[in-house]
Each structure stands twice: as structure tokens, then as C-alpha cells.
């Protein structure tokens, strides 16, 4: 009788006006309960589900967006300072940031394996393993950092080999030298970030990043204008700012009582299965790297066009604007990855699917608004970065391509977040190879160089690759069997209990 009464009470609660139950929905009426309540009309279930999911999603997405915007803003502010030193310095900083983003993508991608595992383990209430995953991932990423350090030490001859102008290559290599210590900051930052996100802890990272941005802008102004350190001063301050974030983030994880169940101190268990974890994270790294490197290749190819300085400056400004809007989508990427992995770990297939489409729709609407703002301000937006009229005109001409890219980026990163939450990274990596590097870049090179459409031609081809990838991910997500995904998540976590969690 008690079970029957509870069911009746829950149905009555669901049928009440939303204003009466709004504060109780996330805690007392779970999303899965709403979506599976057959006694409710379909529209009512969707409406209640949207209200619950938007609260859960935005609570994760908004702080995550702020974190990514601030972190992206650190790189953009460095370009702004460089741009006001001169066009050559702007080109050098742009080529340096674009080149260094390769290791950023690698570390971010490998860190995404933590997001899958920690998210599903947290949803299944296996809290004690989260700290082990964090330590193991940090060790693996730090080891990967050593060969990357050697690679970037030889950035000058590599840039020359890629056909970049000698002056830009030399100044860009000096700029990169000042960024090299960031490699190991990334190794700690991304694993800790995913550890926090899996537990829906995002706001503290936003506060830390905001403090770092203020520190960076202040110190950069001092080193550039008061101390006259120029481009190298900009690079050194950027590195210091990243290490400030890492130090504050690490201190928070170790000392906060909210992680008493998930962080139990350093453990020798973290040294076990490093090679297995490396293989698992490699799939995540390939997926993310292929996505992030794709846009950076556009900037590198611009250095081979007829007027490389103008092309680099205009495209780097467009990419900076695109990166800012992209951070909004990446925030939803992080949120939906946590939501889907938590729901799959908890055994809630309908909630995982509902979260996927809710995040995709909201991110798409925001991206359309952003694209309209870019088109409306196309003649003025570039003056934030430069005072050169020729560069401003070139940016204005490229804004329609930028607007289309922003809209596509409103969908694609969210679907990639779903892939991370579900553990589809390897499959998506193959999709990225085909769409980006077999279709997008070759078509872009043909249009840009053979048909002489220059930067517009390269960008057109790359938009085509992104569109193809987005359509494929939409289809795969639509066709997914979410009950099977729950079972896969359960088996993956059972493997962890068998002490062989990373064996496929």
C-alpha cells in the first residue's frame, strides 16, 4: 500500500502547476521519472523535462562558458597587446598561438578520457575511483609533455619548413619558447578540470580563471609598456597566468571538504595501468586534436597565400572572434558531457537522450544570435585588434564565412560532448579524419590556391568539412540505442572493479 500511495503522490506532484513545484523538481522529481511517467500527456512531460534539464544544464554550462571565455580571453588579450606593437608582432603571436594550440588540443583531448570515466563513475556512486583517475591521467599527460617540449624547441626550423616568412618564423619561435612551460600546466589543468566537472563543480574554476585574467592583463601592461619587454614579455606573462590557475585549482581540490569522498590523497594505485590509460586517452586525443587542429591549419595555410601578413592578420582576428563564440559551445560541450555520462552511469537512458537534444537546441539558438551580431558589426569589430584599415577591410569581407562557422560551431561541439560522455571518441575520430582531412582541407586548398579564391576559398572548403561532420554526428546521435549505452557504461565500470578498467 505504501508503494501505491507514493506512486499516486508522485503523479499528483507532477500534475501540479510548475510554479508550485519549481524548487522541488531537481531534487524530488527526477528527470527520468518525469520522462517515463506514462500517465502524463506527452507535451507536459516534455515541458517539465525541459524545466528540469535546463536548470541542471545551465548550472553546469554557464560557469563552464565563463571559464572557457576567460581562458580564451587570455590568449586573445595577448594577441591584442601584440597587435598594438605592430603587424609583424601580431603575425608572430598569431602563428605562435596557432602552433602552440596543437599541444593544447592534445592535452585537452587526452584529458577528456577523465571526463568519460569520472562522469560515469560519479553517476554510479563509485566515488573513490575519481581521485585515482585524476592522478593516473596527470602522470600520463605529464609524460607526454616531454616529447612535446623537445618538438617545440625546434619551432623555428619547423615554421620555415612549413613555408612561413623568415621574420614571422623567427619572432614566432621566440614567442613559443616563452610558452613551453605551459605544456606541463596543461597536463595538470585539464585533468583537474574534468575531475571537477564530473562532480558538477564548475563555479570555483570560473573564479580562479577570472582572477588569472586580471593578473595577466595587469602584468602584461607592466611588462610591455613599463618594462619594454615586448613580445617575449607577453608570452612569459601568459605562462605565469596558466601556472597561477593550476596552483589555485590544485590547492582547492586538495583542501576542500566537498571532495572528501572523491579525493582521498595520493595513491600508489595511480601508477598501475598507465599504458592502458594512455591507449584509452589516445582515442579522445585524436578526436579532439583533429577538431581543434582543423581551424589552426587554416591560419597556417594563410601564411602561404599571396599577401601572407594581411591574410594571417585578418584570419587570426576572425579566428579570435570565432574562438570566443566557440567557448559558449564548448561550455555546453562540457555540460552535456557531464550530464550524459552521469545519467548513463546512473542507468537513465531517457534522461541522457533528453539532455543531448536540449543542450544542442539551446547552443544552436545562441550561435545564431552570435552570427547575427558578427554580421551587424562586420565593419567595426576588427578595430578591437588592430588599427590597420586594410586588415579591417579584409576582416569585413570574411565575416559571412565567420558567421556560418559560428552557427556550425553551435552544434558540432555539443555533439562531440555527447560522444565523450558516451565513450564514442574513437568512432568520432574516424569521422573527423574523413570529413576534415579528406574532404575539407583538400577542397579548401583547391579553391584557395588552384582557383585563386585565396582565404575565402580555403575557408569555404573547411566549412564544407565541418558541415559534413555535423550532419554525420546528428545522424549517429539520433540512431543511438541509449539502453545499450547504459549497459556499456555499466560494463565499463564493472571492469574498473575487476582492476582492469581500461581493457576493451
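Every residue number used here counts from 1 along the chain in the order it is shown.
Any Cβ shown, glycine's included, is placed from N, Cα and C.
Record note: among 273-295, 480-502, 273-295 is the stretch given as transmembrane segment by Swiss-Prot. Here Swiss-Prot gives transmembrane segment for one range in the set 90-110, 111-131: that range is 90-110. Taking residue pairs at least 6 apart in sequence, the transmembrane segment (273-295) and the transmembrane segment (433-453) share three or more C-beta contacts under 8 angstroms. When the stretches 139-159, 234-254, 457-477 are ranked by Cβ pairs under 8 Å to the transmembrane segment (170-190), first place goes to 234-254.
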